[in-house]
Amino acid sequence: MPPFFAEFTESVFRHFRRNEPDEENSAICSEKMSSYGAIGVDDNDTDPLLDDEPPRRLPPAGGVPIGRRRAISASQIGSIPSQSAATRQPYLFTGGLGLRDESLLSLHSEDDLHREHNNALRYRLYNRLDPGGEHLTMPDHVLPPNLFSILPFEELKDVSGKQGSIVTIFSIWNTMMGTSLLAMPWALQQAGLVLGIIIMLSMAAICFYTAYIVIESPKRLQDLSVDPLLAEFSDVCKSLFGRIGEYCAVVFSVCVLIGGVIVYWVLMSNFLYYTGAVVYESMQPNSTTIPVMENKTFTCDVYCPEQTSQWTIPQWEKQLYDAVSEMEGGETGDDSWSFDKFWTLRGTVPIYLAFALFPLMNFKSPTFFTKFNVLGTISVMYLLMFVFSKLLECGVNMDFSNPKSIHYVQLANMHFPALSGTLTLSYFIHNAVLTILRNQKHPENNARDLSIGYCLVAFCYVFIGFTFFAAFPVQRSCISDNFLNNFGAGDVLSSTARLFLLFQMITVLPLLMFLVRSQLFYAIFGQTWPGAIRVIILNVLLIAVAVGFATFYPNVGSILRYVGSISGLVYVFALPAMVYIKQSEAAGTLTPMKKYAHYGIIVIGVANLIAQFVI
């Protein structure tokens with residue numbers, strides 16, 4: 001028991017002892033209290049503040065046994081001796097039929113009423129004390145809110161276990177600010193400067209509105225078997241659309257998470273490869289150059305990793321050829337122990353990661369890894385400062401008039417669906433927003449906090465995208481879908497970013513795997529841990545898929561936009577709009593304008609998906 005709690009209880013005891021008139025009354029107070037004035041206590045409950053075995057007293061002759069509470073008639077009152085004034089009656093006892101005020105006063109003197117009132121307060125106080133902030137026991141399929149919190153330790157929360165608006169806002173911001181941040185300059189280049197910024201802000205508004213529908217939907221349910229305070233969006237879909245709605249929500253939520261695992265694996269392989277290359281090169285005697293600097297296209301410490309002819313040949317075909325060449329040894333085939341043979345970006349490094357990280361995926365509880373959630377906030381801050389420092393170093397390099405200039409900027413581009421698809425996943429928080437807001441100290445501020453969170457995310461995306469785009473000193477077509485690839489491995493700031501992000505992603509990946517298995521296994525088996533064998537099999541399959549993408553299709557931007565457009569169609573556009581229409585129709589508040597507007601949201605999602613394969 002914490003010291004402050006012991007001191008508080010002792011002070012309460014001293015206060016109540018002062019109000020107990022004599023030893024006899026003190027013994028009476030030690031017996032079991034009535035449940036009429038207490039909070040849901042049976043006849044078998046005992047006061048936890050008293051001794052386990054209170055002394056038993058024999059009842060007075062002809063009186064009511066102490067410790068037993070039964071109604072007495074008016075005819076029996078006169079037969080009770082005078083010492084019966086010390087016997088206990090139910091709290092808030094007002095007498096039965098035929099009792100006059102004089103009889104009631106004879107049963108309860110002023111001292112007795114005061115004493116029993118104090119004991120009732122004591123009993124209620126200790127039954128209402130919160131044992132640590134966990135007011136409700138959540139079912140297994142509901143994710144713990146601290147999974148997304150930026151507070152690394154429970155001690156940083158208040159005594160109620162709740163979090164304020166500032167922590168809630170930054171938890172929303174931290175959850176959305178993911179890997180798509182690295183692809184934002186590339187996505188902006190695909191859409192053009194002006195059109196891209198318009199799409200960024202428009203998608204933020206649409207995704208915020210559908211997320212708002214998600215957080216309001218449990219409140220409008222009337223027949224939900226799960227408590228609305230604990231309901232997930234899949235429960236809402238099940239209530240309105242049956243099992244099909246629940247399975248759609250779960251399946252596409254899992255698809256988003258699997259897409260996140262794949263992108264994480266591609267990026268971790270990239271970061272580990274370049275970090276290892278720098279370490280190896282620095283250990284060589286008389287090393288003055290770093291291999292990636294042989295490109296010789298450095299301008300303002302930025303280089304073009306691929307030629308601008310990337311649209312002339314199928315990109316997947318070129319990458320497949322490169323991956324096979326790397327696994328066969330490439331030009332270093334004559335040297336069987338060459339570092340370049342055993343350290344390849346699309347061959348060996350993703351496999352090394354699989355062996356190194358597989359044990360971390362099989363923990364039953366990921367609580368330990370939630371302590372590192374704050375690293376996400378630090379990494380985002382570092383990237384913001386990193387990009388801003390490059391703007392100061394390189395300056396603004398934009399030319400709106402000369403198409404032949406290397407600084408020429410397109411205001412609009414036909415490849416804008418790459419940006420809209422990426423943003424659908426970038427602004428995706430719909431499967432976690434209810435969990436995050438469940439710990440909110442002031443639920444009435446949920447809409448405000450969600451809107452502020454989306455504004456912060458939109459600002460960061462626009463800032464990263466525009467700043468890097470404006471400062472890029474060569475052709476914009478050279479911008480990589482991971483903008484750290486535009487910096488040599490010898491660049492100190494970019495190398496630090498790679499190493500820091502690698503560690504941060506290693507701590508987040510087990511959380512993603514936990515979310516995948518929790519939602520998937522609960523939908524199939526009704527429990528989040530159906531056995532170690534099933535968990536291991538699922539993790540092996542997921543890692544195999546991730547390694548395959550990292551080897552044969554390591555395109556972060558393309559993976560983001562395809563996963564975002566497919567899963568976003570269902571979870572961001574269709575399901576929230578259909579839930580709103582269904583609930584408004586049941587409440588009688590659905591107007592034709594509202595109906596067509598929400599159907600329009602679904603149409604936007606369909607068009608976004610089709611455009612990924614057309615343009």
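Placed from the backbone N, Cα and C atoms, the Cβ positions cover glycine too.
On a predicted model such as this, the values are computed, not experimentally measured, just so you know.
Positions annotated as topological domain 'Cytoplasmic' by Swiss-Prot, on the basis of a curator's inference: 1-165, 214-246, 359-367, 435-451, 513-533, 583-594. The annotation region 'Disordered' is assigned in Swiss-Prot to 41-65. Look at Swiss-Prot and you will find 42-52 tagged as compositional bias 'Acidic residues'. Here Swiss-Prot flags 166-186, 193-213, 247-273, 342-358, 368-392, 414-434, 452-472, 492-512, 534-554, 562-582, 595-615 as transmembrane segment, drawing on similarity to another entry. The region 'Important for arginine binding and amino acid transport' annotation in Swiss-Prot covers 175-180 and is backed by similarity to another entry. Taken from Swiss-Prot, the feature topological domain 'Lumenal' applies to 187-192, 274-341, 393-413, 473-491, 555-561, supported by a curator's inference. Among the features that Swiss-Prot reports, N-linked glycosylation site is placed at N286, N295. Taken from Swiss-Prot, the feature disulfide bond applies to C304-C478.
Only residues 6 or more beyond the boundaries of the topological domain 'Cytoplasmic' (359-367), in the same chain, are considered here, and those with a CB under 8 A from a CB of the stretch are 144, 146-147, 506, 509-511, 513-514, 529, 532, 535-536, 539, 542-543.
Each residue of the topological domain 'Cytoplasmic' (513-533) gets a DSSP state, and the totals for helix, strand and coil are 15 helix, 0 strand, 6 coil. Against the transmembrane segment (562-582), stretch 247-273 shows more Cβ pairs under 8 Å than any other of 247-273, 368-392, 492-512.
For the topological domain 'Lumenal' (393-413), the list of distant contacts is 189-196, 300-302, 469-476: same-chain residues at least six beyond its ends, Cβ to Cβ under 8 Å. Under the DSSP three-state reduction, C304 (disulfide bond) is assigned to coil, being neither helix nor strand. For the transmembrane segment (193-213), the most Cβ-contacting stretch among 247-273, 368-392, 414-434, 595-615 is 414-434 (pairs under 8 Å). The topological domain 'Cytoplasmic' (359-367): residue composition by secondary structure is 5 helix, 0 strand, 4 coil, according to DSSP.
Between the transmembrane segment (492-512) and the transmembrane segment (166-186) there are fewer than 3 Cβ pairs closer than 8 Å, counting only pairs 6 or more residues apart in sequence, which means the two stretches are not in contact. For the topological domain 'Cytoplasmic' (583-594), the model gives a mean pLDDT of 94.
Beyond the ends of the transmembrane segment (595-615), by six or more residues, the same chain brings 206, 209-210, 414-418, 420-421, 424, 561-562, 565-566, 568-570, 572-574, 576-578, 580-581 to within a C-beta distance below 8 angstroms of the stretch. Across the topological domain 'Cytoplasmic' (214-246), DSSP classifies residues as 21 helix, 0 strand, 12 coil. Long-range contacts of the topological domain 'Lumenal' (555-561) within the same chain: residues 179-180, 182-183, 186-187, 190, 259, 262-263, 266-267, 315, 319, 417-418, 420-422, 424-426, 481-482, 549, 612, each at least 6 residues beyond the stretch ends and with a Cβ under 8 Å from a Cβ of the stretch. Helix, strand and coil counts from DSSP across the region 'Important for arginine binding and amino acid transport' (175-180) read 3 helix, 0 strand, 3 coil.
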